[in-house]
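Student: Reproduced below are the annotations present in TrEMBL:
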TRANSMEM  B:12-36  transmembrane segment
TRANSMEM  B:137-158  transmembrane segment
TRANSMEM  B:179-203  transmembrane segment
TRANSMEM  B:337-357  transmembrane segment
TRANSMEM  B:378-397  transmembrane segment
TRANSMEM  B:409-428  transmembrane segment
TRANSMEM  B:440-460  transmembrane segment
TRANSMEM  B:466-487  transmembrane segment
Amino acid sequence: MLASSAHVVRFPFRRPRAACRGLRALTGRTAPTPAYRAAVLGRILLAALGGYAVAALATGLLALVLPMPRSEAVTTATLTSFAVMVAVVVAVFAARSLARATALVLGLALPLAGGLWLAGAFTG
Amino acid sequence: MRQGFRQSMAWLHAWSGLLVGWVLFAVFVTGTASFYRSEISQWMRPELVATETDPGRAAERGAAYLQRQMPDAMGWFIELPTPEKPAIAVMWWKSMEGPFHQALLDPETGEPTSARATKGGDFLYRFHYELSMPPMLGRWIVGACTLVMLVALVSGIVTHRRIFADFFTFRRDRSTQRGWLDAHNVAGVLGLPFHLMIAYTGLTLLATLYMPWGVRTAYKGDEIRYFVEAGLMPDLRWAAGKPGTLTPLGPVVAASVARGGKAPEGLSVWNPGDANATVVAIFEEPHGLSHHHPQIAFDGQTGAVLGQAGAVGAATGTGTVMAGLHMGHFAGPALRVLFFLCGLMGAATVATGLVLWAVARAPKGAAPAGFGLRLVRALNLGTIAGLPAGVAAYFLANRLLPVGLSERASWEIGAFFAIWGLVALVGALRPGPRAWSQALGLVGALFLSVPPVAALTTGLNLPGGALRFLGFDLMMLALGLGFVVAARKAAARVGAPLRRPARDLTGEEALRA
């Protein structure tokens with residue numbers, strides 16, 4: 001249950017609650033602290049850059065390894081890529097903490113990059 | 001944990017929707033109008049009337065004009081006349097970076113038409129994915145906003161646990177906020193399949209721009225090779241660097257008819273002044289969902305057939321069907337009305353969402369609104385009332401500007417932005433309880449004035465009969481009446497005391513606010 005004045009939804013995780021409570025005691029209302037703002041900015045950057053990176057790596061890898069003619073593999077990989085990015089963005093904001101979200105993005109991006117390296121995409 | 005998940009998705013929905021809402025509203029409105037792009041273009045060029053023209057002769061007249069403009073072009077495009085667009089549209093360019101020159105020719109004479117200069121429906125169509133910005137910048141901005149829209153849709157679906165029950169819930173009398181929330185839910189849920197489809201297929205239309213990495217790894221970045229192998233275009237030849245003489249296009253059109261079964265929609269000519277010139281006949285898309293134009297390539301010197309593009313694999317076929325769904329070319333009149341209504345519902349979902357964001361954060365009692373809230377309110381009014389006012393002004397300028405005015409097409413576009421900006425500016429400088437009803441009333445008056453202004457300027461001596469544009473006039477009247485009704489509703493709210501919910505919202509309701 002949210003505080004009764006909360007018509008406005010604030011991002012729920014990793015909020016420095018003690019700081020907010022202190023602020024509320026002082027001013028009677030809660031305002032986002034710098035730490036809260038930094039955490040939100042971190043998620044936004046991770047979602048945008050990490051989401052695009054994972055989608056781009058997946059597209060590049062699937063285009064090489066899908067068992068179908070080259071043009072069909074490229075089309076399949078490219079058409080799917082936007083769903084991949086949306087899924088990563090949603091997962092980044094659903095994760096319990098920024099650290100977990102970062103681990104998730106790296107856990108997807110690194111194996112994909114490794115697969116691309118094995119498939120010879122970086123050797124020209 | 002479940003509660004936490006939905007809570008984070010509610011936050012994501014509210015803020016991602018706000019971030020891109022204003023751009024999405026503009027894209028939805030101009031994109032929805034684009035379902036009637038050719039009708040708008042016809043209305044904006046009332047001088048053009050259908051004439052019977054032989055496609056082969058039209059192609060040769062177009063080529064003769066282009067030969068005078070740019071014999072050493074990289075490419076020409078000649079769009080053959082149709083009853084809907086009774087003119088030869090030509091384009092020519094020196095490089096793929098542009099500039100792309102264009103002209104509209106009279107099929108009888110092969111000279112530029114006497115029709116008023118206008119961008120017609122094409123302006124609204126291009127605005128919906130380029131925002132009148134440098135093309136690549138505009139496409140990336142619209143693409144990013146579209147992806148955020150998909151995120152907002154997914155998080156919105158998660159937020160609405162009772163999606164089916166919400167569908168039948170409209171509590172406009174309970175409180176202002178509840179009414180807006182229910183309106184947002186109904187417009188969003190009713191149009192949900194369309195919203196998801198239009199956002200995703202919009203991204204895939206420019207997929208290799210946004211996500212070039214598959215082409216980069218599998219084709220080393222050679223996009224043309226990919227398109228050729230996928231069956232989307234015939235193999236083109238590079239320029240030989242030696243001058244050549246282009247074959248007459250009349251026989252090429254005749255050969256296209258013999259091979260393709262009907263006259264092509266248009267011809268593109270690559271390197272027309274070169275020994276390796278190639279003429280590609282592009283056909284209308286066959287009946288069905290897929291947006292895929294069959295093409296036949298001819299040798300530009302001899303007129304011999306070089307190759308053909310037509311058959312595509314399952315994945316590429318899926319892509320062309322997605323493109324077809326986005327554009328709705330397959331749709332007959334009734335289905336096109338449905339697409340149009342779904343597009344309006346998309347605009348309404350965005351608009352109600354934006355208003356809801358501001359209503360939910362209105363300070364209680366006499367507390368002053370903060371800067372953020374005032375900014376959102378100003379942008380809301382400036383976009384939701386300002387953009388439609390600009391569209392109406394664009395149509396009015398088409399009839400009111402002198403036909404012979406130089407840079408006429410640019411003046412029309414100037415009217416679009418000037419009225420949009422004016423409404424936004426006045427709304428921002430004079431916020432207040434009456435701003436919404438006044439702005440919406442102005443939009444209604446502008447749309448209602450389009451048919452009489454058209455009747456007084458071109459209506460009496462309209463070529464092709466005074467009732468030729470009855471459908472367009474009725475649409476303007478319907479839009480105008482819609483905005484007048486909205487203005488009256490907004491005015492009625494000013495007098496009534498602001499109804500707050502009797503009790504504070506519960507946690508879940510607050511989440512969904």
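Cβ from N, Cα, C; glycine included.
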Student: Quick one: do the transmembrane segment (B:12-36) and the transmembrane segment (B:378-397) have at least 3 Cβ pairs under 8 Å, skipping pairs fewer than 6 apart in sequence?
Tutor: yes
Student: Which of B:137-158, B:179-203, B:337-357, B:409-428, B:466-487 has the most Cβ pairs closer than 8 Å to the transmembrane segment (B:440-460)?
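Tutor: Highest pair count goes to B:466-487.
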Student: Could you check if the transmembrane segment (B:378-397) is in contact with the transmembrane segment (B:137-158), meaning 3+ Cβ pairs under 8 Å among residue pairs at least 6 apart in sequence?
Tutor: no
Student: Please report, as numbers and ranges, the same-chain residues at least 6 past the borders of the transmembrane segment (B:466-487) whose CB is under 8 Å from any CB of it.
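Tutor: Sequence-distant neighbours of the transmembrane segment (B:466-487): 36, 39-40, 42-43, 46, 388, 392, 395, 436-441, 443-451, 454, 459-460.
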